[in-house]
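Annotated in TrEMBL:
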BINDING   C508, C511, C548, C551  Zn(2+) 1 binding site
BINDING   C517, C520, C535, C538  Zn(2+) 2 binding site
DOMAIN    280-446  domain 'Helicase ATP-binding'
DOMAIN    543-711  domain 'Helicase C-terminal'
Amino acid sequence: MTYYASVIVDVPAKQTDRAFDYEIPAKWHGFIQPGMRVNVPFGPRQIQGFVVEVKDNTTIPKTRPITSLIDIQPILTPELMRLADWLRDYTLCFTISAYQAMLPAALKAKYEKWLIATDLGGVPAELQPFFHASNRVKFEEMAGTSHFKTIKQLIEEDVLEVYYEVKDKLSKKTRRVMELQVSKEALLKAKEKISARAAAQHKLLDFFLETNTEKIDKKTLLEELQIGTSAIGALVKLGILKEKDEEIYRDPYENREFKKSQALSLTQQQQEAIIPILHSIEQHTHEAFVMFGVTGSGKTEVYMQAVDAVLKQGKEAIVLVPEIALTPQMVNRFKSRFGSDVAVMHSGLGMGEKYDEWRKIHRKEVKVVVGARSAIFAPFENVGIIIIDEEHETSYKQEDTPRYHARDIALERGRYHQCPVVLGSATPTLETFARASKGVYKLLTMDKRMSEQGMPSVEIVDMREELREGNRSMFSRSLLEKLQTRLERGEQSVLFLNKRGYSSFVMCRDCGYVVECPHCDISLTYHRSSNQMKCHYCGYEEPVRSTCPSCDSEHFRFFGTGTQKVEEELTKLLPHARVIRMDVDTTSRKGSHEKLLQQFGDRKADILLGTQMIAKGLDFPYVTLVGVLTADTMLNVPDFRSSEKTFQLLTQVSGRAGRHELAGEVVVQTYSPEHYSVELAGTHNYLDFYQKEMQIRKLHQYPPFYFLALVTVTHQELTKVVTVTEKITNFLNMQLSDEAVILGPVASPIARIKDRYRYQCIIKYKREPNLHEALKTVIEKYQTQMDQEKLAVHIDLNPYMLM
Ligand SMILES: Nc1ncnc2c1ncn2[C@@H]1O[C@H](COP(=O)(O)OP(=O)(O)OP(=O)(O)O)[C@@H](O)[C@H]1O
Ligand SMILES: [Zn+2]
Ligand SMILES: [Zn+2]
């Protein structure tokens, strides 16, 4: 019987977005399964592919065989493969892109080709030296030699085998261990048989008899017993011990001890929130919950107790946390409660470390994963709960193909596993809260803080007023005074500088000239450490100039407030304050982020100064003051969500103050004190903000009243970009109903990146059954041009970045 494998090849293109049939060589019958990767011939090339089906017939008259195996067990579960199909239809990506998105980067790394001698004796003498007394040689080493013909022949004769090795397999760390193969009785018997003169062997036997050790590191064993390897070899020959390589995981939390934490007894509100979740867990039903709990209301404790219930059922849990909040504090909480059952996945880990964490999940060695966005694809097969903390965070949306939102994946997986999905936040997105109001999601409210003190009081300071009264500093008088009081009382403060949508750019005070990137339509950012101007989009750099290139004025200097500058001023104003600065510069080294927070937690500093990095998830008992230096920088970004983002951020930052016994205070400095998102964040009034913002969204036809789709076209030539975008817009106009609003073609807010012009068209719609088909047609139509002329057409259904 001949068996065939349907394979999705690694060529992300329309024409190849389907399975191709390959013959399975007899030696792999019964071995190849869906979810495994193989190398297959494709035209003149060898490429990677995913097996999606194994069958005993094909309609293809002439199939070629699979060349080699990459995996020896499936790396995608049947559920994930099904999910990939859904993802393809839902985001209009290619199946292969969906598969790739589900795997850790290490598995996508380059692989190495090896020639392996299946029979070293059969290798001719002139080739022997290449093998350096092993049975393998790198293909590249041989490829350039005159022996190529011989090699080819040897491959045909099966003396040599080609083997593709994924690079990271080499970086997998192993240790040599000795494993006991027999019972204690057998050990005693061996002691009788083995000559007394073989003292080392007796030492070994005694060791295993006395210590109950089943398995031990070889090196440790040799050192411990002070014996040579020959004794071990002798016992291996007798079948008493077995020598083998065992994987060691590079556990990033290896040297840390976690004090075991016990479940706290829940408050009334926590109790009320957890009951419906536990109900859904017990009943094995899928339900989506919105846990709307103010900052410091104890959401994490509810998550952990729900996870605990799931583990007791023998099931697994996925907990998503935004990258930025994946702080040691959050990780510690889960590690302390669930110990070695937890895998942690975030971008701070090296590729190898991430791979190790993924493998623990894949091998079912852990039951809980706490991770950033991509952890939603954890290859668990028995999921009992999915939790998304800080569900409003935009980092849950992937801005690259496949352009998915982790929330949607969570809901899809929740339906598959018939388990609850919990979306937690003090400031849910309007989309989520609107669904909760309609009863699509179940709303769980926790409006009380754990601490007696309740929500911190917020003072909004008008910085224009400060300036009018002669204060030119970046600190208002009120904030400075309050900082001083904290220093006197030995309490701590957090100072937050909103960097997003804001940068330190260089501008001429006389003519207004701003230094821009020559390749992207965006201003260059000033970097003090290197005294260079840098482009954040393409990496272009140039030295800082002292005069304006446009008018020669010397009033040419940089604007914007960097954390460094704040720190300098702070040390001038409060020379005795101990300040910890947290920004990209001070946290780029591995582990430094964590070290700084630890120092602050140990009260080795009075003030923690930082950017977005410190806005979330921090829970320090002695923080009684939070200062927001510039509350409104984000309000000026051209994005319909800017008010929502400002409200969320202000609420989250304020939430760091007064979380325990001591009462908290917040000072918000702003140039737009009358803006409703600043005002309502000041009174902790989410519901009013929600109402107000909903009216505005309705008026301007934005989500959640309308859906959005964004088509972006990029190319080196402006005329090409404009014509193509125009054609696409016209086409969509014809295909869609009159209710759809099509905006465009217009230049994208960032009109050029890396010398490529960017145009876009935005579609606002309520119900457009034709939309997906129409967009697919658009991609198909431009596929050839996309391949040949490097034209790019990106489609984002439900975009979060309109830039
Ligand atoms: N039932 C409880 N009894 C006593 N303390 C609790 C209880 N639940 C939570 N806490 C404590 O209350 C504090 C605040 O809780 P937590 O950090 O979970 O709040 P949160 O809702 O996640 O806040 P945020 O949204 O700001 O991150 C923590 O120190 C936590 O240990
Ligand atoms: Zn000038
Ligand atoms: Zn640039």
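Numbering starts at 1 and runs along the chain as it is shown here.
Glycine is treated like the rest: Cβ placed from N, Cα and C.
Taking the features listed in TrEMBL, we show where each one sits on the structure.
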residue	record	contacts (Cβ under 8 Å, 6+ apart)
C508	Zn(2+) 1 binding site	V514, C548, S550, C551, S553, H555, F556
C511	Zn(2+) 1 binding site	C548, S550, C551, S553
C535	Zn(2+) 2 binding site	C517, H519, C520, I522, L524, T525, E541
C538	Zn(2+) 2 binding site	C517, H519, C520, I753, K754
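In three-state terms derived from DSSP, C508 (Zn(2+) 1 binding site) belongs to an extended strand segment. Mean per-residue pLDDT, taken over the domain 'Helicase C-terminal' (543-711), amounts to 85. The binding-site residues in question are C517, C520, C548, C551, and the one with the fewest Cβ neighbours inside 10 Å is C551. By the rule that a residue counts when its Cβ sits under 6 Å from some atom of ligand 2, the binding-site residues C535, C548, C551 yield C548, C551. Among the binding-site residues C517, C520, C538, C548, C551, residues whose Cβ is positioned under 6 Å from ligand 3 are identified as C517, C520, C538.
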